[in-house]
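Okay, so here's the structure we're looking at.
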Amino acid sequence: MSACNHTNEPEFTLVGLTDSKEIQLVLSVLFLLIYMLTVLGNIGMILIIHLDVQLHTPMYFFLTHLSFLDLSYSTVITPKTLQNLLTSIKNISFMGCFTQLYFFVLLAASECFILSSMAYDRYVAICNPLHYPVIMSPRRSYALITVSYMIGVLDSSVTVFCLSTLDFCNSKVIHHFFCDTFPILALSCSDTYNAEATIFVLAGSTLLLSLITISSSYVSILSTILKINSSSGKHKAFSTCASHLIGVTVFYGTMIFTYLKPSTSYSLGKDQVASVFYTIVIPMLNPLIYSLRNKEVKSAVVRVMKKRECTQKLK
């Protein structure tokens, strides 16, 4: 960042969601409840998978990381949002702002490819069930997770680097409730074309590449399911994918609506609602989607509870 970023006013100001004190109070209570459910739900999911041996499979290995990512990027955004709603502190330092943006992009991009890995896992399980243990070996599972995080690091590093080269000599008021790419781009007093083009191509590539992987996996899965003769077999095969398909639809729907467009078309109202949904609400929904519609997780909860009761009786 150039010197003018630091000498005049070394901070951004987050406008937040609303100026109304009454609405701020309602939103703060709502977001606090959602965040508590997010923490409990995702930590609970991680613990259940860790404690139940029958869930030590590639599918639930990926789900553990999905819960970790949801918990992490909700934590990156929600506490600062609550502070803005409950106090008069609206400022965030340049370093704090770009740090928040860095981790948000890292976690969101990583989630795209972990969802892709989960789709590939379901493809192998349904289309090549006999070769599943060989194809989805622990080594391959760890490789897919590592690549997902590496892509996240690449995306976030390039995004923050592009934004940090811009000048912010005029307004430093971010019309958003957290440090996001387009609201920061809108503040720059220098030419943003190269930075915007680079970020757009990078974000578009991440979303489209992961979405193509998911789509091609589900096309193959659907083709295989349609070839199954028994209705019970079709239902069982589809039920293994239903939770993931719901999660993917919700996540990608809001991400594409928000990011695959020029920064000039940024809309304060619509984009803030979409941002609230994927940064605060979706991390709470994912544990519900993957547990309430999943018999294996429900059974695992029962087994863990029974095991705990037996352990207490023995004591």
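Cβ from N, Cα, C; glycine included.
Curation plays no part in TrEMBL annotations; they are all automatic predictions.
Noted in TrEMBL for the protein shown:
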DOMAIN    41-290  domain 'G-protein coupled receptors family 1 profile'
TRANSMEM  23-48  transmembrane segment
TRANSMEM  99-120  transmembrane segment
TRANSMEM  141-166  transmembrane segment
TRANSMEM  199-225  transmembrane segment
TRANSMEM  237-260  transmembrane segment
TRANSMEM  272-290  transmembrane segment
- Query: Are there 3 or more C-beta pairs under 8 Å linking the transmembrane segment (23-48) with the transmembrane segment (272-290), counting only pairs at least 6 apart in sequence?
  - Reply: yes
Here the stretch out of 23-48, 199-225, 237-260 with the most C-beta pairs under 8 Å to the transmembrane segment (141-166) is 199-225
Per the Cβ under 8 Å criterion, with at least 6 residues separating them from its ends, the transmembrane segment (23-48) contacts 16-17, 55, 63-64, 67-68, 70-71, 74-75, 78-79, 81-82, 85-86, 280-281, 283-284, 286-288, 290-291, 297, 300-301, 304
On the domain 'G-protein coupled receptors family 1 profile' (41-290), the mean of the pLDDT values is 88
